[in-house]
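Asks: Can you keep this structure in mind? I'll have questions shortly.
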Amino acid sequence: MSKEESKNEIPKLKDFIFEKLLSEDTKAHRVFLLGKFKNSSEPAILKLEKTHFSKENLNNINNYLEKETVLDHNDIYTWLTSNISGTFKDPHLRIQIIYPATSLHIKKYSEQPRVIINETPEQYKNIVLPYIESLPPERTAWVENILEGRQEADSLIYNDKDSETGFIIVPDSKWDRTLNTLYVQCIVHKRGIRSVRDLRREHLPLLRKVYEIATTLVPKIYSTESEKITADQLKIYFHYQPSYYHLHIHITHINVDGVGLYLRDVIDNITMDDQFYAKKTITYQLGKNHILYSLFEKAYNNKRICESIEKEEINKKPKLL
């Protein structure tokens, strides 16, 4: 099967052949597995994540528990394990398949130590920007598919097609559709804005519109009679580094872990200084498997070599008595 055929065919889970565990997150109840599908040599990544319970399905939870096993008992406390029967309305797992997976995907989801990067404007210009510009357009083909209406058109809750201030809002694939794990994403229509580093005052109308629509529309769309979400329970923020270099903004329930640069702060900072994010040193975490880490490491080693050579040259110069 060719790579193009692999991209267009939905693989069958029963055909997945496990090879190894890439990484696990015990807090988030999530694992990433590497393997292949039958009759294919292309690598595949399987993400398995335990889902959240829906509140409306919990009133009869005792009817769905089976195979209880007592682990321990002490005074008023008892610890057990159990399974949920297949008739329960909530699925037990959310599953994502990446196939065919690239070497970058495998590195990204493999267990790896993380470091803090204090990225200066000079490092962005000399290290990060060349890396971004080297990325093939195929990396964001899925974004173009959504923006052009070829994929997920039925999932959009908002679509303003203005070429300068337009954007879409779409549920994130990570969201399990329970309100207190709400996770939607705003993707701007304007091309060429890769991250907050590119934002200037000219983009303020776009950013202000995103904030206004997000804080009014999202609560209206997703609140129900039994469960409400209000504007002050929304986190609206940018990741840096972003997972892909087409400007997008995360909109989540305040209970969802993780945050970045809040949209409200970004608007205020650019209002004060057009070049704020062009001049700012930005601090973030980076996995050692990321290509950017190797590029930072290479630049650091080259700098040390240059400094060492300069020091040797200075020492070779005759000293005046």
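Just so it is clear, glycine is given a Cβ too, placed from its N, Cα and C backbone atoms.
Since we're looking at a predicted model, the values are computed, not measured.
Okay, these came from TrEMBL:
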{"type": "BINDING", "residues": "Trp142, Glu152, Asp172, Lys174, 239-250", "note": "substrate binding site"}
{"type": "ACT_SITE", "residues": "His248", "note": "active site, nucleophile"}
Asks: For His239 (substrate binding site) and His248 (active site, nucleophile), what Cα-Cα distance in Å is obtained after rounding to a whole number?
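Replies: Just about 9 Å between their Cα atoms.
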Asks: Which residues does Ile249 (substrate binding site) neighbour through Cβ under 8 Å, counting only same-chain ones at least six apart?
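Replies: Within the chain, Ile249 (substrate binding site) has Cβ neighbours under 8 Å at Gln185, Cys186, Val188, Val210, Ala214, Ile236, Tyr237, Phe238, Leu263.
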Asks: Quick one: Cα separation, Gln241 (substrate binding site) versus the residue listed as 'active site, nucleophile', in Å?
Replies: 12
Asks: Within 10 angstroms of the C-beta of Tyr245 (substrate binding site), what count of other C-beta atoms is obtained when all protein chains are considered?
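Replies: Other Cβ atoms found within 10 Å: 20.
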Asks: Might you list, by sequence position, any residue in that chain lying six or more from Leu247 (substrate binding site) with a Cβ less than 8 Å away from its Cβ?
Replies: Ile187, Val188, Lys190, Ile193, Arg194, Ser195, Asp198, Leu199
Asks: Which residues, sitting 6 or more apart from Trp142 (substrate binding site) on the same chain, put a CB under 8 Å from its CB?
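Replies: Correct list: Gln151.
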Asks: Could you give the Cα-Cα distance between His248 (active site, nucleophile) and Asp172 (substrate binding site), in whole Å?
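Replies: Asp172 (substrate binding site) has its Cα 12 Å from the Cα of His248 (active site, nucleophile).
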Asks: Among the recorded positions listed here, His239, His248, which has the most company in the form of other Cβ atoms within 10 Å of its Cβ?
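Replies: The residue with the most neighbouring Cβ atoms within 10 Å is His248.
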Asks: Radius 10 Å, atoms counted are CB only; among the binding-site residues Gln241, Ser243, which position scores highest?
Replies: Gln241
